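Feature annotation from TrEMBL assigns transmembrane segment to 12-38, 50-67, 73-96, 108-128, 134-155, 167-189, 195-216.
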Amino acid sequence: MSSSANMHHHLWAFIFGILGNIVSIMVCLAPLPTFYRIYKKKATEGFQSITYVVSLFSAMLWIYYAVLKTDAFLLITINSIGCVIETIYIIIFLIYAPKNARIMTIKILGLLNFGLFSLILMLTMLLADGLTRLTILGWVCVAFSACVFAAPLSIMRLVIKTKSVEFMPFSLSFFLTLSAILWFSYGLLLKDLYVALPNVAGFVFGVLQMLMYAIYKNKKQVAVVTTEEDKEHRYQENNKLPNAHDHQHVSGNRTTTTTINGDHVIRLNTMGSAEVHPIDLQIIVLDHTHHLENMQQQQVIDQQDDKVTGNNMEVVEV
């Protein structure tokens with residue numbers, strides 16, 4: 001009877017594992033529009049690489065864990081696919097990122113994905129064996145999986161700050177939640193605490209994101225994503241503006257340039273789907289406002305000059 005129950009549990013675990021693989025692949029492919037946009041624009045546009053570097057590191061740890069566990073083939077498949085996809089994302093980022101961002105990404109890759117992973121591999125092989133080694137590695141995997149699941153916190157903060165869900169599409173939040181449910185069930189059926197535990201956090205963050213989407217979905221705010229590293233790129237793009245009487249729409253960048261009283265007014269809309277990474281916002285300031293302020297300041301200066309001229313004329317008359 002006990003053997004039959006174990007077979008039943010393993011069958012359901014296999015089903016949940018297959019479904020978890022399918023949904024997780026969809027989640028891994030979610031940033032494709034972002035990186036296609038980076039390829040088209042030849043610039044990273046404020047996106048950061050840390051999320052993909054940490055995700056790659058986490059997938060490497062889970063492959064190591066699954067190999068030691070010996071009966072976790074479905075963990076090997078999804079994390080191997082994840083390693084390939086995340087590596088492609090990082091290569092694209094390195095090609096088109098500004099110099100400072102490229103150097104920082106290479107440093108993090110060296111320290112985390114090569115240095116720290118090699119250290120964990122060496123220490124677990126030399127200082128532990130058998131079940132102890134698997135237990136230590138399992139808790140290390142839980143810790144870094146929690147870091148991956150904590151990434152949506154920056155997006156949630158961004159949604160609250162902007163009152164907009166442009167950077168948090170519902171589909172991504174839904175599939176993240178579904179993936180967490182499937183992998184939690186897989187770990188629970190196999191009595192694998194290290195697989196089940198981090199997906200509790202994934203489920204909680206996924207539900208919170210969907211609730212926030214329901215709250216802010218009808219609210220819109222115009223904003224543009226920028227970082228210090230992209231200021232030079234922004235400056236170069238602005239120097240390519242059309243002449244004063246031009247009116248141009250650029251569909252690829254979703255940038256609208258119009259002319260008001262001889263001044264350029266630029267409206268930058270967010271592009272494509274969002275990605276889970278920390279980003280900072282700057283509210284767009286129209287050049288026309290600066291023009292009006294300059295006119296007002298000039299009027300004040302002219303009035304002061306008139307008063308001085310009037311006083312000088314009075315002195316001459318006396």
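Glycine residues also receive a Cβ, built from the backbone N, Cα and C atoms like all the rest.
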Most Cβ pairs under 8 Å with the transmembrane segment (195-216), selected from 12-38, 50-67, 134-155, 167-189: 167-189
Segment proximity, the transmembrane segment (50-67) to the transmembrane segment (108-128), 3 or more C-beta pairs under 8 Å: yes
Intrachain neighbours beyond the transmembrane segment (50-67), with Cβ under 8 angstroms and 6 or more residues off its ends: 31, 73, 75-76, 79-80, 82-83, 86-87, 89-90, 93, 105, 108-109, 112-113, 116-117, 120-121, 134, 137-138, 140-141, 144-145, 147-148, 151, 194, 275-278
Within-chain partners of the transmembrane segment (73-96) [C-beta distance under 8 Å, separation at least 6 from its ends]: 14, 17-18, 20-21, 24-25, 28-29, 31, 35, 38-39, 41-44, 47, 49, 52-53, 55-56, 59-60, 62-63, 65-67, 102, 105-106, 109, 186, 195
